[in-house]
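Here is what TrEMBL records for this protein:
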type: BINDING; residues: 106, 107, 108, 109, 110, 111, 112, 113; note: ATP binding site
type: DOMAIN; residues: 13-692; note: domain 'Myosin motor'
type: DOMAIN; residues: 829-1003; note: domain 'TH1'
type: REGION; residues: 569-591; note: region 'Actin-binding'
């Protein structure tokens, strides 16, 4: 209990800063921290706020026993701990039915991420569990290593620094079990992908793949086991870190991805993207006549395969820019411009993939039980603390703006909760003077006049906008504001410590100089259109979700980075305001990560930037200590003869009698409706010292205590004996029932038979089939064979009904097409298995891909499907690029704007295709038809899909012939052509010496 520790306050300090006598002294505050840190007491309260000092070593205070010690216990009954905050939030959520949130803040390296892990571990161990709940618990815990791998990096201050902000909601059902979760991420430091300061590293995942990836994986990704080979990993000159084991971390991440629910294909495509970023960094440029060209196509080949894009188109996009002015114009880039475009693509790909990853984790954590929509929530906010570096840029501006908003919320909610407690207890509220930082928040976010509005205006206006003109605009608009200074506006003394390209904001926590270089580029955060077009054409399923084709047609300029951050911050404030907050303030004791070093200068800096003194002042503005009557009376009743050993009257009267006996003066305390409020810590200290003296006198009553203990031990022993007798009777009944198990039901076996039936039904409940393909079913006892079969049929009918109910019309149409493809090609054509996981699309060509003249020539005919094909001439087999359009009545071959050939479905005699993995097929038409020039030889990259669509449209499902060896076709004027098919190592199509069309195709599947 907090009060019991007061007797050792000279050695270990006080557990709650509100009990500091000299609470306005920063020196006294830091000295209390020092005393506790020296004794490995890393946690201290400021009222209900937890201050945590990173010990930089393992402490034995996070075991299951410690968790049980804090479980369900009053907040102040045990010493300060992260578990106490966690349990208090959980109990408040359960008893008050109000959503909670825990706000964790502090500098990089102060232990924010570890604190959030400890909270998650506490809930995972102490909350009720079931099979589903255990799955959610595992996923909540395993989301941490995944997000750390992709969002954390080694910085100068922290080997595992979170380079993004994270808000996580944990959802609990009516039983108090965690059943779901949701994560929102903020401001990922994308610039780290392409640049790191000396002594820092890129995101962990890059090093984990290189160090821990299997040889086969690295070979597929085109990577070497040497991080120094990659330009994006060498800039910090820090490939290895003693505290990080990339190889073992890689195993943890792979296991975590599986637990979260990633399948092998998703993991493969995710790793392809990560590897592609490294290859992008190795794309090098040289200059020729002032323009850039790529020196080697090795990286482009890897990128084309990993990203699923056309290498030629990617090369052009990396060296050319598309300017839209009276149509489309393409211009060459210089090497510097090309490098910037390459880096912008790398940042965009990584940033959007990270967002996709968070969304994927959210999908696996989603709470889907519709019967309990009113799930209670505990939110965890793990976000960057106030940052002041030697060089502060756009990122620090956003981070510190975020901290201003959080400080504003923090003070408002602290004052609000204090005022509500006073009013609830009938104590007069005394207004508190405090620094209201709304003036700084308005300076940053006010419409039209705030820094973000001015920055956006400068980014969007035509003309030669630059970082310097942005600074000038700030000076013109904000000059004279008490919290804004620039070199031009400053006095002579301030100019000596400010650069000409800097502006200074006077934050609640202190002064920060921001260098405007890079502000406009980072705020614009734009990706060139032709690079977007390439990414939108990607066959990588993750990238198709990250780069939406609608972006290309959307003429509206996307919001700037600062505006997006401001909007997401506003939503975060709404979320936090709707919940009951708890606070964890993290402090790092030194910059060198040493276990025993206490750097007073650094800690004073953090105490200031975390606003801890301001918080203490607000908390101490009235009464330093308050406790419920029953708690206070129970602890100190022995100090007054009238209240010892028991008080039988009203609690308030008992407390009043006790404090009068102790000699409390009227100005030292107030009695509320259910609590006593004590103004000065010294009053409480004197009471606690008196209790310590009194304990020695109470020792004389030891004889009474022994008698009571003996009586209680007797009760416990009798209860234990009774439980043993009941257990022995149960075992006897079970043995007798087993002996008579094959006889008719009788008193001797009824208990055993009922238990067998119950066991079977419970086993069945736990092991029901998961889906319609799962044929497993527990073996029933003889008496339940018929019932078991009826239950099995009912279960299967229910699963089938549930599955059918979930199928929408679009998926049903997809399944029907896949069934037709299976009937035609399964076990007959080599590349059919590769087509199974790929969804058939409505069309492979959009309206803009087809010449308007061709669309006009179709008239009223509605196009059902279109695909690019290669047509081979009937004479010389020369390949020609064409488009195949399918309508309700015919298949049409189009060359640019001309309809070259129309084949009515009624006239289509049949379709021939080989059994190999090639994409060639022949449309057979009547030779006597003068409109037709002969059979048509076509090749499609999507042959299974294309032929399935033709078979459906033409109703020719039974007219597709799959041939082995060769296909004969009519070449026109009664002549016959032959296509020979042979297996080989790669696809080759050419005219053979014998005049046949020779096709060599690799064997992909052994039938």
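Residue numbering: from 1, along the chain as shown.
Every residue gets a Cβ built from N, Cα and C, even glycine.
Known features from TrEMBL, placed on the structure.
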residue: 106; record: ATP binding site; contacts (Cβ under 8 Å, 6+ apart): 52, 112, 385, 585, 586, 587, 588, 606, 610
residue: 107; record: ATP binding site; contacts (Cβ under 8 Å, 6+ apart): 157, 385, 386, 387, 586, 587, 588, 606, 609
residue: 108; record: ATP binding site; contacts (Cβ under 8 Å, 6+ apart): 155, 157, 158, 161, 162, 384, 385, 387
residue: 109; record: ATP binding site; contacts (Cβ under 8 Å, 6+ apart): 54, 155, 157, 158, 161, 588, 591, 593
residue: 110; record: ATP binding site; contacts (Cβ under 8 Å, 6+ apart): 52, 54, 385, 586, 587, 588, 606
residue: 111; record: ATP binding site; contacts (Cβ under 8 Å, 6+ apart): 52, 54, 586, 588
residue: 113; record: ATP binding site; contacts (Cβ under 8 Å, 6+ apart): 144, 148, 152, 160, 162, 382
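Beyond its flanks by at least six residues, the region 'Actin-binding' (569-591) meets 33, 37, 46, 48-56, 82, 85, 88-89, 92, 96, 98-107, 109-112, 115, 157, 167, 184, 186, 377, 379, 381, 385, 401-402, 405, 409-410, 413, 597-599, 602-603, 606-607, 610, 612 of its own chain at Cβ-Cβ distances under 8 Å. Helix, strand and coil counts from DSSP across the region 'Actin-binding' (569-591) read 9 helix, 8 strand, 6 coil. Cβ proximity to the ATP site centre (mean Cβ of 106, 107, 108, 109, 110, 111, 112, 113, cutoff 8 Å) flags the following additional same-chain residues: 54, 158, 161, 385, 586, 588. Taking the domain 'TH1' (829-1003) as a whole, pLDDT averages 88 in the prediction.
Summarising the environment of residue 112 (ATP binding site), the number of other Cβ atoms within 10 Å of its Cβ, over all protein chains shown, is 27.
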